[in-house]
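*Asks:* Just passing along the structure, written as structure tokens.
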Amino acid sequence: MILNTNGGINLGNVKPKKKLAIVTCMDARLVNFLSEKLGVKRGDAKVIKNAGNIITDDVIRSLVVAIYCLGVEKVMVVGHTDCGMKSIDVEEIKKKMIERGANPYFTPNLKCWLGKIDDEEKNVIEGVNIIKNHPAIPKDITVEGYLIDVETGELKKLC
Ligand SMILES: [Zn+2]
């Protein structure tokens with residue numbers, strides 16, 4: 001939605017100008033930093049974020065909408081160094097869930113559901129492969145993987 005100067009609401013063009021979708025981590029250190037680094041401005045790209053930029057069914061769902069409805073032609077998976085999803089302690093989370101009255105057994109495999117990662121680079125490469133090989137994703141889409149260094153801002157292309 002775009003607010004007109006006259007205060008009205010313009011539902012106008014919601015298609016991303018750069019025909020780009022970015023899948024990245026929810027890490028607070030990436031807010032603004034990543035878009036600046038990629039030269040992506042408001043209206044340029046669809047940005048899909050979750051903990052650890054893991055390609056879940058819901059990410060695929062958003063990409064399907066971005067590709068088939070919004071003209072996205074390129075997908076960038078951008079991971080980052082020092083990702084918190086590498087160091088999460090599933091047992092500790094389970095303990096905290098129980099302490100606060102949540103049921104950690106709501107899913108058959110909490111560890112898998114939480115999506116702990118072993119390596120930031122491998123996680124990005126695996127994500128790119130999942131998107132490229134997914135039956136819902138057309139073959140004419142460009143999918144690339146990157147890793148951003150949260151300290152130096154260096155953006156490295158992985159695949
Ligand atoms: Zn992260």
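Glycine too: its Cβ is placed from the backbone N, Cα and C atoms.
The shown structure was predicted, so the numbers you read here are calculated from the model rather than taken from an experiment.
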*Asks:* Report the candidate from CYS25, CYS159 that shares the Zn(2+) site with HIS80, CYS83, as recorded in TrEMBL.
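*Replies:* The record-listed residue among the candidates is CYS25.
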*Asks:* Would you mind ranking the binding-site residues CYS25, CYS83 by how many other Cβ atoms sit within 10 Å of each Cβ and giving me the lowest?
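*Replies:* Counting other Cβ atoms within 10 Å of each of the binding-site residues CYS25, CYS83 gives the minimum at CYS83.
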*Asks:* If the Zn(2+) site is taken as the center of the Cβ atoms of CYS25, HIS80, CYS83, which further residues of that chain fall within 8 Å of it by their Cβ?
*Replies:* THR24, ASP27, LEU30, GLY52, ASN53, GLY79, THR81, ASP82, GLY84, MET85, GLU120, ILE148, VAL150
